[in-house]
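Enquirer: First, the structure itself, so that you have it in front of you.
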Amino acid sequence: MTPYDDSPAQAVSTAPRTTGPSLIDGFGRAVTYLRVSVTDRCDLRCVYCMAEHMTFLPKAEVLTLEELDRLASTFVGLGVRKLRLTGGEPLVRKGFIGLVARLSRHLSSGALDELTLTTNGSQLERYASDLARHGVRRINVSLDTLKPALFRALTRGGDVTRVIAGIDAAQAAGMTVKINAVALKHDNAGEIPALIQWAHGRGCDITLIETMPLGEVDQDRTDQFLSLQDVRRDLSSFWTLTDIPDSTGGPARYVHVAETGGRLGLITPLSNHFCDTCNRVRLTCTGTLHTCLGRDDASDLRAEIRRGASDAELVDAIHLAIGAKPKGHDFQIAAAQPAVARHMSTTGG
């Protein structure tokens, strides 16, 4: 097979092997979850994510598929058990399905528990069966509204019917779909109950996310901030919400909604941070390793690869970065300007 075609990958892990819980930060937290942005490009222009007339990175600055494979596989060799591919929009990256096929070897070998992705859903109808064939069992789909006009406005031109068709295709292919919705005070606040009912009616969990101060540095994020503590209080006035003791090391805290029978996740980086149990790091499409979404601390792994670093040297660079992972983020809703001046399309959503 050619390196990144769409053929089934051999069931052999080529990740550098270590023993024990390899990636432990300075606060004793094990890093077992890697999010990898495979591209900064996207076919939508969501208002809280990127500029309308976005200037994308030169291709030379973006990791090749081979480089993405090498870095992700190195992390798997160091004990990462969950790998999430993001963007931009990952499904617009040329050769993406081939990359998924290659990375699926770590599922076959048992080195990786889960290979998944976050998508805007616009290309999902086309690629759902391929993703399922290569071992993707769960996906997250970003969907902030079901209203066609509002969806077009928030995404600057998107078609919500394509996203819904993609969700249908993913479920038909056997994948579990979770909906991610950003809570926006002036746009979808009144639609949140209906969105939850719609998701649960389709057998999908849904997670609400507070706006985070990243992205366009000239934008005031306090205007759209909607506290999910307030949302939960309002929902509790007509639904029965029961906390679910589900500790995944992630930012979401889950409740069961008795009246719909579904799960609702709440990600509250501003009103109630999630740092103490953080088990994840992010690799951007340019090879920058961010050990905290809300801090500017970073390590340039692309430079290591392109200078010809050996596997052992690459492992050392990763250990050094993980050792410097901060205790918590710098997000504060009182600060009108973003705490971190970088686009989520590059960092990975």
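Quick reminder: no glycine exception, Cβ is built from N, Cα and C everywhere.
The domain 'Radical SAM core' annotation in Swiss-Prot covers 26-245. The GTP binding site annotation in Swiss-Prot covers ARG35, ARG84, THR118, LYS178, ARG280, VAL281, ARG282. According to Swiss-Prot, the feature [4Fe-4S] cluster 1 binding site maps to CYS42, CYS46, CYS49. What Swiss-Prot records for TYR48, GLY88, SER142, MET212 is S-adenosyl-L-methionine binding site. The [4Fe-4S] cluster 2 binding site feature in Swiss-Prot is assigned to CYS275, CYS278, CYS292; the stated evidence is sequence analysis.
For each listed feature, how buried is it and what is near it?
Expert: Over the domain 'Radical SAM core' (26-245) the predicted model carries a mean pLDDT of 95.
There are 25 other CB atoms within 10 A of the CB of VAL281 (GTP binding site), with all protein chains counted.
Under the DSSP three-state reduction, CYS42 ([4Fe-4S] cluster 1 binding site) is assigned to coil, being neither helix nor strand.
According to DSSP, GLY88 (S-adenosyl-L-methionine binding site) is assigned to coil rather than to any helix or strand.
The number of other CB atoms found within 10 A of the CB of CYS275 ([4Fe-4S] cluster 2 binding site), across every protein chain shown, is 16.
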Enquirer: Around the C-beta of TYR48 (S-adenosyl-L-methionine binding site), how many further C-beta atoms are within 10 angstroms, looking at every protein chain?
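Expert: Summing over all protein chains shown, TYR48 (S-adenosyl-L-methionine binding site) has 19 other Cβ atoms within 10 Å.
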